[in-house]
Structure formats: structure tokens, C-alpha cells
Amino acid sequence: MYLARNIARTSFITSPKFFLSSAYKMSTSAALYTSESLKAANALPYSSMEGKLDPLLLQALKDMDFDFMTPVQSKVLAGLPTFKSDCLVQAKTGTGKTTAFLLPAIQNMLQDSPTKGKVAILILSPTRELALQIAAEASRLVSRLKRRIEVHTAFGGTAKASSLNKFKSGDPKILVATPGRLKDYLSEDDVRDKFSGMLTLVLDEADRMLDAGFLPDILRILSALPPKSGVNGHWQGMCFSATIPPGMEQVLSHVLKKEHVSISTLDASEPPTLTRVPQYSVIIPSVTDTFTALYSLIKEEVQTTEGEPKIIVFGTTANLVALYVHVFQNQTNLKVYELHSRMSQPARTRATDEFKAAKNGIMFATDVIGRGMDFPNVSLVVQVGLPADADSYTHRVGRTARAGKDGRAIILLTQSESFFLTVNPKFRIQPYPASNKILNDTSAAEKITNALQSIDPKSKQKAYSAYLGFMKGFVKKMQLDPTGLVKLANKFALEGMLCDEVPEMERKTIGKMGLKGVPGLRIAKPEPSGKAAVKRENPVTDSPTETDAPSRRLRHQGVPEAIDVQLSQDRTFTQSRDGSRTQGGPNVFKRNAPVDVGRDARSSKRPWKYREEKKFNNKNAGKTGFSHQPANSIGRQASQE
């Protein structure tokens, strides 16, 4: 009960009840280790920390079934000279590093009795999902303490004003934040004052934050925090990172003492992911073949691979991912999941939790899960189209073959995109053995055509705009000029997405893409002034997300933010009352039952409809997972709450 009270009263989460239900599901140290495996490996027991850790912290660890330390936990807790020592720790995701930095930081806080209303522990995280996991673990660790410890979070995608007011009026002893949102908060004097008594600063997945383009934000945050050695004393710095990329030194010089402790749990003899995962490529003649080739590829893999098929399909943009979900939601009895930055936070958390727990299924996603999130037993990673860069490719491949399990990776490229294979020979990507079978499969054409024809034009328009914006960054490498790029996008729209005509784009969007005056574009007519309309995000100037690293990298290359825009309110899908969107089973969706989505739905006054899935178990589907038998579904209407 204390944990429930602690989270619900102190978190920045817009839905405390939902966050609470998810908190118990998240355990960042459980991904690779179990108590049994640690005991068998003669791991150090937490009971050996008696006298070093507060007895109530040890009791909380027992409540969490943490009896033995993972390697990174034992090296940090037993290896640091004191729990106040600065440290640089190299460890992979899923090894228990969250507990490794939380325990020393919380122990220091208990000993130093920080000032009421001040932040004692600040943890920077690259993504909302990781921030939520850290906050959940922190709340569980302090749940036994007699003193009430508030755990706050700060990240994009939530109402800033409401969250900031809770932070200002509360006693946020532990704050877990993403760099972008924290930088915004620190622009206010009274917020900066909340950090005057800071005891510990933790950078979690520091390399990932730099990779996502957060270096300027982090440096600005550090300049707003109390100096490392100031009048209020010295705060502890802890940096956890799998790698030490260029630019890290700029950060470490501000966070760590020169005499800091360096710890590594990386196995030098362990082969890198890219050498352990078989990698293949399928080259399709044209972008218009994308959907049919992807269908045939997934069908082939499900038919020929032993074990449960658990697949992640990476798309280049949120709107293209949404389109893939539309197309494939009725094509397989494998449950279809969706995850990208334009979904609401509760929906993202729900999709993440469900896919983690699932034995099989297909997750369509952007790079929001490209690195740092562990999904057990992923058997296949498919990348559709060009990755933002080589690092993005590597991190995507790293979602499979984890914890000693097998996995494969396949990239689907057009002829004009195949330069990626030439400029990245280190990946050793081989031609897919069944490429000819994939390209000559005619069974997908009718299914894909029917699916595309059932999709509303607005979803296609947004996918078209997103595709155009993303590909703008590769025109030189693809040996295209702006006119050629527009021709390619128009061909994708007309022949690939089966649009009735080339989708329209706003004049302002075209200008910000640098495509003003390029022939082939259709300019949308401006809406009459004074016309009441639902306010929508500008697809180009929309503020950058905290979690889609490619968006930030592409902006540095001059690519506009058109690649990630909010889904249309006309979209039809299975929706629960918390706004989550997961799909599965044939005939779940109904074209004549439009559903309002996201902010547009919440602002709409007309009733909305949703359909409730009935569990689908097609015994005739066989091992392929691709079924031609319709499933029954139950539909009902509900008034908007």
C-alpha cells in the first residue's frame, strides 16, 4: 500500500493508476538473470551488504525477490571505496544496472538527510520508457522506508504545466528525467533552486543520450546545476554507459572527478552482436513492392523458423509504421503491436509490457525501441527501408539474439536504397536465401490490395508526407535530385499505397522540406479563415520527441520533422479506454466504425465507437500463422467518457 500511495501521489505521470499497474511489471535487472541462475553462479548475496545498506532497503530487495547480485551490482556495491565515490560503469542493458546505481544513491540520501523540498538524486535517461522503469524500481526500493520518499519523473508527451506545478510544490527527493524536458524546466529560477542540495547525479545510458543528439541539452543542464565542488559541498557523479563515444569526455569532465572509479562488466571475449546474428538483405525492384514483399517475407520466416515467431519490424517513420499496422492487422493470427513516439504514453507502456510478456507476435515500431529496451526471445528483426545511419542499423539488430538466444536480422531495401550494403561492408549482410521465392510470391497481391483500399486517405497522406521528409536526407546517396525524389514518392503513393491521386501537402510543409517549386507536388488549398477546426500539430515544426533518435540525427542533416506526425482521428483500430492501440486476429477492424484518436478524440464531442476483440484461435491456420479463415468479433458502442 505504501508503494501505491507513493507513486500515485508523487509521480508526474498523467495516469497514476495506469503507472501503478505497470510498475510491478517492470524489473530492469530481470532481463538476463534469475535468482536461480545467480545462485548457481555463486553470485554475491545481498545479505552480505548488512551494515552497508539500510536494513529497510535490504527488506525491499527481498520483497522484490532480489536475493543475489548481478555482476554489475556486485562490482559497484562491493567494489566502490565508498557509496559516495564517483564512478564510470560500462554495462549492457538488462544487466541490473538500475539497482546498481539506485542503491548507493539512496543510501547516501538516507545518511545525509537532504533539505525538504530539494532534489537529492537526479537521474537522466534517454527515453520515457526507461525513465518509467527507473522510477518504478526506485519507488519499490524506497517502499519500506519509514520516511516518505517522493519519486518524480519529467519527460515529453505529458502536460508540462501540470507536471511542473507538482514538482515545484512537492518534495521530489528522486527525479528521473529526459534531457529535453529537464532543460525546459531549468529555464526557471525557482526550478533551478530545487537542485541546490543535489547529492547524486546519474547519467544512465550516457552513450545513447549522446547518440540521440542530446549532448547540447546535457551540457546546458550541467551548467544550470550546482558546480561539482561548490559552497554546498561535492555531489556524487555516476555514469553508466555501454560504450564511450566521441564527445563523452565533455560530459565526464563535468560529472566525474579525475580520480573516479572505472568499472566494466563487458566480456572482451564475447563476440559483438553483429558477428553473432545472421544478417540478410532482400532487394526489391521498386518501393511499390514494399508491402507485398514484407508480407511474403514474414510468411516465409514464420513457416520455416522453429519455435515461436516473435518479430520486430522497424519502419522509418511513425506514420509509415501506422500504415504497416493498418495493412497487416488482418493478415495473420499473430497479434500485431504498434509502438512509436506519436502514441500516448499509456498506450506505449501497455504495448511495451504486452509484447515483453508475449510468447509470439509482431511489433511494428520506430527507433523508439531501437536500443535500450529488452524484449525477451525476439526471433527476428526486419528493417523496412533505410536506417537513419549505421548506428541505428546496429541497435535494431541488437534487439534479437539476446541472453544467449538465437535470432536473425533481415533488411528490406529497394534497388536505389541498396547503396547501404556497399557503404557498410562491416555488417557482412548476405543475400537472403529465399529472395527469389519472396519476389515471385503472388499470393500476397490480393490481400495487400484489399487492405490498402480499406485505409482512409488521410493516413496515406501522412505516410506520404513522412516518406518524402525522411527520404529527403538520402537524395545524394540515391543519386536523385528533388524532382526525382518527388517522382519516387508519388510512385509510392499511387502504385504502392494505392492512393486515388497524389496526396496534397500544405505549402508551408513543402517549403520547410526545401521542395518549393518542385514539379509533381500537390499543394493543399488553405482552409477558409475563421473556420472552426481541430488544432493539429504542424508536421514539420512539431517539437522534437524525446525518444526517436533518428529524428534528431536527421534534423542535423537538414531533414525536417515531417517524418513523425500525429495519427489521423479518422483511423480505425481496436482501442481500449486508456487510448492504447494493439491489434490482432482477422476481421477485428471495421471500416464503417471510425474511431477518434489521441488529442483529437479527447477534444471531439461526438460519440466514438470501438470494437472489443474476441480472442482468436484458428486451429486451421497451422504453423504459418497466416490465416484465410475469418474470426468472429464483437462490436459495441460506447459514449465518450
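Placement of Cβ uses the backbone N, Cα and C atoms for every residue, glycine included.
Predicted automatically and left uncurated, TrEMBL annotations should be read as such.
Looking at the stretches 46-74, 75-103, 104-132, the one that TrEMBL records under the feature motif 'Q motif' is 46-74. Mean model confidence of the domain 'Helicase C-terminal' (290-456) amounts to 92 (pLDDT, 0 to 100 scale). In terms of DSSP secondary structure, the motif 'Q motif' (46-74) contains 17 helix, 3 strand, 9 coil.
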